[in-house]
Amino acid sequence: MKPVKLGLLGLGTVGSGTANVLKRNSDEITRRAGRGIEIVAAAGKNLDSHQCRDVTGMRLTEDAFSVVNDPQVEVVVELIGGTTLARELVLAAIDQGKHVVTANKALIALHGNEIFTRAQEKGVIVAFEAAVAGGIPIIKAIREGLAGNRINWVAGIINGTGNFILTEMRDKGRDFQDVLAEAQRLGYAEADPTFDVEGIDAAHKLTILASIAFGIPLQFDRVHTEGITGITREDVAYANELGYRIKHLGIARRTEQGIELRVHPTFIPERRLIANVDGVMNAVLVSADAVGPTLYYGAGAGSEPTGSAVVADIVDVVRAMTTDPENRVPHLAFQADTLADTTILPMEDVKTSFYLRLRVLDRPGVMADITRILASLDISIEAILQKEQDDDTTEADVILLTHEVREGNMIQAIREIEALETVKTPVIRIRLENLK
Ligand SMILES: NC(=O)C1=CN([C@@H]2O[C@H](COP(=O)(O)OP(=O)(O)OC[C@H]3O[C@@H](n4cnc5c(N)ncnc54)[C@H](O)[C@@H]3O)[C@@H](O)[C@H]2O)C=CC1
Ligand SMILES: N[C@@H](CC=O)C(=O)O
Ligand code: NA
């Protein structure tokens, strides 16, 4: 049988990783796919600076549309990034009946509903394993491996850059900007790194995870999103002292009232495996009714780890090319006409525990005022720690861990606590999850 012909859009970190993995492992990949796979055309902007080790047989061009429109190309691999041009290229490929593989989580999170509808009409596959947690085969695990389960919740460290920054800051006391620059050099960060540090990239990925876990449409605009820029050394140190680690998590949870979709820094007990996932590694913990908890761990970013996921999708597409479209694995795990219109919970109705830190005047009655406000809003306290400041005997840090509370109540309590004359700084709050 003739080899399958690919058109590669993007020759950057992931594009070159994909090309290199395909070339190096071509014998085994061919034995798995049942056909040879070759890149016949590739587009990139700075063609002199690509990292592909061997471009034999590839027509290199700056014109991405010429690759999509190349009559030889049967499968388009989109690794350019962004959502405007990438959307046009992907829709053009679909309209020509070409299958698509992409690592672009922003594209899927924002335009996936449109893209999958069009793909279904045209009977083509749009595969996106590399879009979530890089090299970890998490899409396949949830969509296929857990197909017998009702999934209760998914919680993941799903941004490699952010986890790399938090780890280096905690372990080596390094400066935020310095570690971010290194993540950019290593090819982990997005073209706009605020996507990594402000939680947007993780929200893109959580949108996708929630869809395939619960059978709901992609709803990026419903994700509550916070990044890691507000995390301070003090909170990292207090977390350690209290037996926790701060991790940036994406959480999608099904409750009786609706689905929670949230991305934010989180206190996690240090004895949990996921609390010990460091550096650029990602991990996704899935709680499902039949299998119980399962944990998926691996490189969340980087050239060949992400290339590994792209190539796995290419192999899947090649294997499925001859299958009747009706009998393929549905894009979002559930048959498209069965996606549910489940309520997404407003953040103020989400219940979590909290870590609170505030600076107070060290005088009698302060604690009583704070605990009175918390009690009046149904917030019960799990632990309190008071720390005198070495340099100032008139002020102290108060650290509180609470039991589960409705977010709206916590916002109100913080408003009232901050209005106390004895409270000197805004209250720092970080949500706390036991992940049991
Ligand atoms: N870097 C990583 O570790 C991961 C990246 N991704 C995703 O993979 C995609 C690619 O990311 P990277 O490889 O890191 O980006 P990159 O910036 O290293 O590479 C982008 C490539 O696209 C080319 N390109 C951009 N605009 C173009 C245009 N108008 N015409 C032709 N070529 C154009 C650039 O020249 C470059 O070759 C993004 O969607 C990203 O979110 C997903 C998982 C991991
Ligand atoms: N910028 C992303 C790349 C992979 O998706 C990350 O750091 O996780
Ligand atoms: Na993946």
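Placed from the backbone N, Cα and C atoms, the Cβ positions cover glycine too.
Automatic, uncurated: that is what TrEMBL annotation is.
Counting only same-chain residues at least 6 apart in sequence, those with a Cβ under 8 Å from the Cβ of GLY12 (NADP(+) binding site) are GLY44, HIS50, LEU79, GLY81, GLY187. Taken from TrEMBL, the feature NADP(+) binding site covers LEU9, GLY10, LEU11, GLY12, THR13, VAL14, GLY15, SER16.
Secondary structure at LYS105 (NADPH binding site), as computed by DSSP, is helix. Over all protein chains present, the Cβ of LYS105 (NADPH binding site) has 28 other Cβ atoms lying within 10 Å. The annotation NADPH binding site is assigned in TrEMBL to LYS105.
The feature L-homoserine binding site is assigned by TrEMBL to GLU190. In the three-state DSSP scheme, GLU190 (L-homoserine binding site) is classed as coil.
The annotation active site, proton donor is assigned in TrEMBL to LYS205. Long-range Cβ proximity for LYS205 (active site, proton donor), meaning a same-chain Cβ under 8 A and a gap of 6 or more residues, is found for LYS105, ALA109, ALA131, VAL132, ALA133, GLY156, ILE158, ASN159, GLY250.
Here TrEMBL flags 355-431 as domain 'ACT'.
Of all the binding-site residues listed here (GLY10, GLY15), the one with the fewest other CB atoms within 10 A of its own CB is GLY10.
Proximity to ligand 3 at the level of Cβ atoms, with a cut-off under 6 angstroms, picks out none of the recorded positions LEU9, GLY10, THR13, GLY15, SER16, LYS205.
Neighbouring residues of the recorded NADP(+) site, listed in sequence order and excluding LEU9, GLY10, LEU11, GLY12, THR13, VAL14, GLY15, SER16, comprise LEU8, GLY17, THR18, ALA19, GLY44, HIS50, LEU79, ILE80 (Cβ within 8 Å of the Cβ centroid). The Cβ of GLU190 (L-homoserine binding site) lies under 8 Å from the Cβ of GLY81, THR161, ASP196, ASP201, each of these being in the same chain and 6 or more residues away along the sequence. Within its own chain, LEU9 (NADP(+) binding site) has GLY15, ALA42, ALA43, ALA64, VAL67, VAL68, VAL76, VAL77, GLU78, LEU79, ILE80, ALA86, LEU89 as residues 6 or more apart in sequence whose C-beta sits under 8 angstroms from its own.
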